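Under the heading transmembrane segment, TrEMBL lists 21-37, 43-61. According to TrEMBL, the UDP-alpha-D-glucose binding site annotation covers LYS100, GLU101, ASP130. Residues or ranges marked as coiled coil by TrEMBL: 180-207. The Mn(2+) binding site annotation in TrEMBL covers LYS249, ASP273.
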Amino acid sequence: MATFTLHKETVQSWLPLSRTHIIFHFICVLFLIYYRINNLFISYPWFLMTLAELIFSFMWFSHQAFRWRPITRSVMTENLPADEKLPGLDIFVCTIDPEKEPTIDVMNTVVSAIAMDYPCNKLSIYLSDDGGSPVTLFGIKEAFQFAKVWVPFCKKYDVKSRCPKFFFSALGEDEHLLRTREFEEERDQIKAKYEKMQKNIQKFGSNSKNLCMVTDRLSRIEIINDQKEMPLVVYVSREKRPHVPHRYKGGALNTLLRVSGLISNGPYVLIVDCDMNCNDSSSAKQSMCFFLDPKISQDLAFVQFPQMFHNISKKDIYNSEARNAFTTMWKGMDGLRGPGLTGSGNYLSRSALLFGSPNQKVDYLLDAQNNFGKSTMYVESLKAIRGQQTTKKNTSRDVILQEACEVASCSYERNTNWGNEVGFSYAIKLESTITGYLLHCRGWRSTYLYPKIPCFLGCAPTNMKEGMSQLINPICCSIHPIWNCSSTLLLARNTCISKGYRALVYSVCSIVCIQSDSTFYRGNYNRWLLDTLVE
């Protein structure tokens with residue numbers, strides 16, 4: 001066990017036994033490959049099976065990196081500096097279609113983010129409305145009005161689950177036990193206000209005009225709250241034109257990076273999907289136990305949390321929680337250079353996204369216009385992140401909003417490095433996966449924290465259609481060729497081409513061998529093996 005200033009790193013106790021099994025298995029695989037190649041051209045099924053087993057062996061071998069040194073981490077938030085010394089944090093929530101992503105659910109996520117256990121003057125929440133729907137703007141205004149009573153209530157009674165949807169449901173029953181009568185009275189009053197917020201949003205959204213997405217629009221940015229008693233809340237709707245590529249979620253996140261840089265400019269950002277609520281309000285301080293640890297903070301790009309769901313059955317037939325990834329692979333990768341970046345529940349360093357590698361010799365700010373665009377005000381904010389001297393100006397709110405609309409325009413990224421070397425990558429549609437790979441390729445590290453209490457909770461697919469969509473979309477995005485990345489082998493092992501080939505060979509060859517009396521393996525057990533495969 002390694003103990004750092006703000007966290008502990010523990011190597012799993014059964015590691016020697018696991019490595020012994022890996023070595024023994026590897027020797028057996030070598031014997032199998034040797035046997036297959038020495039008898040390569042017995043029959044066509046034999047040849048196809050040999051090829052399939054070589055693919056199996058490659059995928060098994062590449063998977064052992066995840067099992068070679070798995071580690072678990074724990075944090076010591078009590079050792080963090082005082083609240084006034086904590087760095088700024090910007091939270092990004094992205095939504096697009098109010099019909100597929102109900103506005104009430106999105107606002108529950110926003111309210112849970114506003115109620116995070118973090119200093120209000122250091123916390124900022126940005127909602128990206130990529131659909132430009134009137135109901136989303138109306139919803140965030142209603143949500144903030146409710147948050148003004150919800151946040152003090154949570155702090156007063158130390159409420160753990162700060163998503164109102166969960167608190168007022170069966171999931172939050174434990175929060176109501178052994179409470180005073182005063183608590184119950186205030187809870188009932190706040191519940192009535194929560195229900196009123198829901199009714200107002202539903203009533204406004206009942207008009208189909210308020211639900212429609214606007215695909216041809218100017219950028220619109222509104223500061224919903226800038227009072228110091230509550231976190232900063234900003235609504236962002238970037239410009240969209242039918243003839244200009246919008247780059248999906250990656251484009252929305254890069255827009256938020258620029259807009260937030262002008263307004264709050266927090267050194268760290270949290271990415272949360274609109275359907276993933278902040279379940280544990282202490283997750284921000286837990287992530288700071290890594291970013292503020294002097295032994296690892298120099299080259300730390302992001303801290304990844306697992307994606308958990310509140311409506312998972314015991315069997316989880318759609319594998320919504322991706323247990324193989326979040327309980328095995330990510331812990332194993334954390335023992336190497338760190339896990340990959342998933343689409344939600346990750347705290348990132350703004351510097352890692354904007355300034356190349358941790359050992360970058362050439363300062364990106366020397367050629368700021370080609371790298372970051374023409375906004376001089378935004379370049380000044382980047383200098384502040386780098387710790388360089390800036391030109392201090394008392395800029396009015398209206399001027400800042402005007403400049404924010406400019407950097408949110410669809411033409412701002414033209415002839416710049418946004419989406420290539422700066423910000424989230426546009427190489428594939430799945431922006432988080434490729435961005436995480438590229439950060440590791442540039443020399444950055446990451447850490448993985450699997451806490452006892454889920455920090456982020458979402459709603460898992462409840463039918464076959466949604467489950468298959470969640471499974472297939474990442475696979476299809478990963479097929480996109482990115483051969484210039486050193487993690488190509490890691491991507492290749494997950495492609496549906498190799499998986500489909502193995503399934504096809506094992507299903508077809510078994511039938512062919514039965515009909516033609518061919519063999520999988522030499523020996524008397526061949527017929528037994530074929531019968532077993534068919535059964």
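Each Cβ is built from the backbone N, Cα and C atoms, and glycine gets one as well.
Note: TrEMBL annotation is automatic and uncurated.
Here the binding-site residues are LYS100, LYS249; the one with the fewest Cβ atoms within 10 Å of its Cβ is LYS100. The number of other Cβ atoms within 10 Å of the Cβ belonging to ASP130 (UDP-alpha-D-glucose binding site), over all protein chains shown, comes to 22. Among the residues LYS100, GLU101, ASP130 said to bind UDP-alpha-D-glucose, no two Cα atoms are farther apart than 13 Å. Here the binding-site residues are GLU101, ASP273, and the one whose Cβ sees the fewest other Cβ atoms within 10 Å is GLU101. Here the C-alpha separation of ASP273 (Mn(2+) binding site) and LYS100 (UDP-alpha-D-glucose binding site) works out to 13 Å. LYS100 (UDP-alpha-D-glucose binding site) sits 15 Å from LYS249 (Mn(2+) binding site), taking the Cα positions as reference. Other residues of the same chain near the UDP-alpha-D-glucose site, with their Cβ within 8 Å of the Cβ centroid of LYS100, GLU101, ASP130, are THR95, ILE96, ASP97, PRO98, GLU99, GLY131, CYS274. Annotated pair LYS249 (Mn(2+) binding site) and ASP130 (UDP-alpha-D-glucose binding site), C-alpha to C-alpha distance, rounded: 8 Å.
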